Amino acid sequence: MVLIKEFRVVLPCSVQEYQVGQLYSVAEASKNETGGGEGIEVLKNEPYENDGEKGQYTHKIYHLKSKVPAFVRMIAPEGSLVFHEKAWNAYPYCRTIVTNEYMKDDFFIKIETWHKPDLGTLENVHGLDPNTWKTVEIVHIDIADRSQVEPADYKADEDPALFHSVKTKRGPLGPNWKKELANTPDCPRMCAYKLVTIKFKWWGLQSKVENFIQKQEKRIFTNLHRQLFCWIDKWIDLTMEDIRRMEDETQKELETMRKKGSVRGTSAADA
C-alpha cells in the first residue's frame, strides 16, 4: 500500500515566471535549513536528456536527525537518517524521488508536478488510471490563509495577505483573492499540481509515518510558496542564467554552512 495525495497550489504569477521564482526560492530556503551537521548537500546539478525529454537533473543528500519525529529517532540506527533526492526538472513537468539506503525498497517519496496556467480546476492532470485516481485525496493550499500555516513557521514578512509587490503591483492577497484573480484576465495565474506518493513499509509504524510525511510535505509546499510570492521583487527580473549562477554559489555555501554552526530551520512537529 502507498499513500497518495495531490496538492494544488494556485499562484498569481505565470508558469514562465514561476520557473525562475521556484528555483530562486528553493535555493534560498535550503540555506535556512542547513547548519550544525544537518541540512542539504548538492552532489549534482546538470542538464540531462533522456528519451527525448530534456531538463535539469539534480542529486541532493538530506542529512536529517532533529528534523524527523522523536518516535523515528528512537528506533533509527546511527547514520540511517540520510536521504537521497533525485529530481528531473523537464519544466513544466518535474519528477522527484526520495530514497533511503537503510530502508532500501521499503521506503520512497515520489513527487510529480505539473505546472498549468489555470486556477487548479483540472482533474487527473497526471493521467492516473481511474481506480488509482479514486483513492487520491486532493488538498488545496491557499498561500494567503494563515490558518494553514504552523504557528512556529509564521513570519509577517512572508505573509501574502500583507505583502505588496512594488515591481509587479500584485498583493496583498485578500480572503477572496482567487475569485478576484478569476475575474482579472490581465493578471497571470497558474497552479502547481503536486502528486505525492509515499511508501513506508515498517510493521506498526507504516500509517503513522506516511501520514507524518504527507503532513510535512504540505507544510513545506505551503511555506515555500508563501515565500516565493513574497520574494517576487527579488526574483522577477532574474534570468535562468542568473539562477544557474546563483545555484552554483548556493552549492558552495551549503557545504560550508552544513559543517559549522548549529542546526537551523524546520524541526519535526511530532505527529
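Placement of Cβ uses the backbone N, Cα and C atoms for every residue, glycine included.
Features as listed in Swiss-Prot:
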MOD_RES   K215  N6-acetyllysine
MOD_RES   S262  phosphoserine
When you measure from the Cβ of S262 (phosphoserine), which residues in the chain that are at least 6 apart have a Cβ under 8 Å away?
-> G35, G36
Should S262 (phosphoserine) be counted as helix, strand, or coil on the basis of DSSP?
-> coil
Simplified to three states, DSSP reports K215 (N6-acetyllysine) as helix
